[in-house]
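My questions will all concern the structure given below.
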Amino acid sequence: MTNSGEPIKVALLGCGTVGTEVVRLLREQADDLTARIGAPVELVGIAVRRPHKHTDVPAELLTTDAAALVAGEADVIVEVIGGIDPARGLLTSALREGKAVVTANKALLAEHGGELFAAADASGADLYFEAAVAGAIPLLRPLRESLAGDRITRVMGIVNGTTNYILSAMDATGSGYGETLEEASRLGYAEADPTADVDGFDAAAKAAILASLSFHTRVTASDVYREGIASVTASDIAAASLLGRTVKLLAICERVLGEDGTESVSVRVHPAMIPRTHQLASVNGAFNAVYVEAEAAGQLMFYGPGAGGAPTASAVLGDLVAVARNKVLGGRGPRESAYADLPVRPMGETLTAYHISLDVDDQPGVLTQVAAMFAEHGVSIAAVRQEGREGESKAASLVVVTHMAPDEALRSTVDKIAGLPIVREVAAVMRVEGEQL
Ligand SMILES: NC(=O)C1=CN([C@@H]2O[C@H](COP(=O)(O)OP(=O)(O)OC[C@H]3O[C@@H](n4cnc5c(N)ncnc54)[C@H](O)[C@@H]3O)[C@@H](O)[C@H]2O)C=CC1
Ligand SMILES: N[C@@H](CC=O)C(=O)O
Ligand code: NA
């Protein structure tokens, strides 16, 4: 506990898109923050790589020696560098020394969260990370605190702003993938290496954090089944549109009850077709939205800006106020709670439903041959649509939407169908979510 009124000393690691906004908010809201915390916040240093580039922050605060800054006088370390190293070592040593840590670094938490939580527990330090998932949206605090008395069964949502920005633009205007990604980077949504967004690593890290908090189980990034949006084509989006659906990159975390009564968790990130009438379908641009289903609470939805400097800094500042209040009042925030220790179910066993668009020969028996493949794999068909292809003689489009089946069975079915001589091309294959199949 600090004496009320004594400044809370804060060190900032990294001053890029998010860090710059953290400095601005600290400066602009200094008086309000003091009143809310019960003590002033004093920024004692900012670790950067190239000080000459940061002309908008006080030069005397800048240092290139992040380790010395962490080891110095600061009570709270705010980390917005990103990536695993050097953030991992810096935060572990800060926590070991009992300094509170606020971080937006989902990649680090999803990979080495266990190590950070252990260091925090050993010294009794606070570790807060609201900005790490869904930017400005208050989501982790509700999961860690408000819903701590309930039993969460499912979390599903859009948790990557960059890919949602790209998919929204592809769907609305048919604009190209590359140009939209450039725009998302320019607007400060994308990671330093945007392949982390496009290939689903960022969303997978967030899914690991969400599953860990929701199911009281340590889920790491490597436990998450992951597919990005690089393979989503204009023809996938057109195929979805034809049946009143749109394409979104979803993170889905589920508590699964096996036939023998044992529980496991399934955690996945992949593009999916969802009905245009679904609430997630109207989440566009860099906005995020997450559904949380809990046994007693029912269905909750969290919506708002998921990326960008100012929105993310808002979540960082909220955490900073929380840890500063804990310091002033002498309390501590929630610890990691991984007591349930549930196993992670392999993707192949997870129940999903597929949309499959095929270009086929327009001849008798085609439907029977395709249907036989589904039957052979124990996959039940929910809907079929067949039409002749304009301008192509003896060619037809066949669209099949399945009922739920183990993902492995669906994948094997598609492989077999692709090998049928009457199938000219598998034009689109994508999982379908957000409806009863
Ligand atoms: N930009 C966004 O919309 C969001 C970002 N985040 C997370 O926030 C963190 C920061 O993201 P951004 O600000 O967008 O990244 P950024 O790349 O704009 O900023 C990171 C800054 O850290 C600096 N840096 C790198 N290594 C350093 C070192 N050893 N010492 C001192 N500074 C160093 C870089 O030069 C850069 O200025 C990341 O973990 C990111 O995943 C979380 C939510 C949203
Ligand atoms: N790159 C991320 C930033 C926020 O977490 C995204 O696009 O969502
Ligand atoms: Na958040």
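Residue positions begin at 1 at the first shown residue.
Just so you know, glycine gets a Cβ as well, placed from its N, Cα and C.
Pulled these features from TrEMBL for this protein:
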BINDING   L13, G14, C15, G16, T17, V18, G19, T20  NADP(+) binding site
BINDING   K106  NADPH binding site
BINDING   E191  L-homoserine binding site
ACT_SITE  K206  active site, proton donor
DOMAIN    355-431  domain 'ACT'
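Map these features onto the structure and tell me what's around them.
For C15 (NADP(+) binding site), the Cβ neighbour count at a 10 Å cut-off comes to 25, with all displayed protein chains included. According to DSSP, C15 (NADP(+) binding site) is assigned to coil rather than to any helix or strand.
Within 10 Å of the C-beta of K106 (NADPH binding site) there are 29 other C-beta atoms, taking all protein chains into account.
A simple way to gauge crowding: the CB of E191 (L-homoserine binding site) has 19 other CB atoms within 10 angstroms, across all the protein chains here. According to its DSSP assignment, E191 (L-homoserine binding site) is coil.
For K206 (active site, proton donor), the count of additional Cβ atoms within 10 Å of its Cβ stands at 30 [all protein chains shown].
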Could you tell me the C-alpha distance between K106 (NADPH binding site) and K206 (active site, proton donor) in angstrom, no decimals?
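Roughly 6 Å, rounded to the nearest whole number.
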Give me the mean pLDDT over the domain 'ACT' (355-431), rounded to a whole number.
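A mean pLDDT of 94 is what the predicted model shows over the domain 'ACT' (355-431).
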Going through the recorded positions L13, C15, G16, V18, K206 in sequence order, which have a CB under 6 Å from an atom of ligand 2?
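Correct list: empty, so none.
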Within the chain of V18 (NADP(+) binding site), which residues six or more apart in sequence place their C-beta under 8 angstroms from its C-beta?
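For V18 (NADP(+) binding site), the qualifying residues are V80, A104, A131, G309, T312, A313, V316.
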Judged by the number of other CB atoms within 10 angstroms, which among G14, G16 is the least packed of the binding-site residues?
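Output over binding-site residues G14, G16: least Cβ neighbours within 10 Å is G16.
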Report the DSSP secondary-structure composition of the domain 'ACT' (355-431) as helix, strand and coil residue counts.
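The domain 'ACT' (355-431) comes out at 23 helix, 34 strand, 20 coil.
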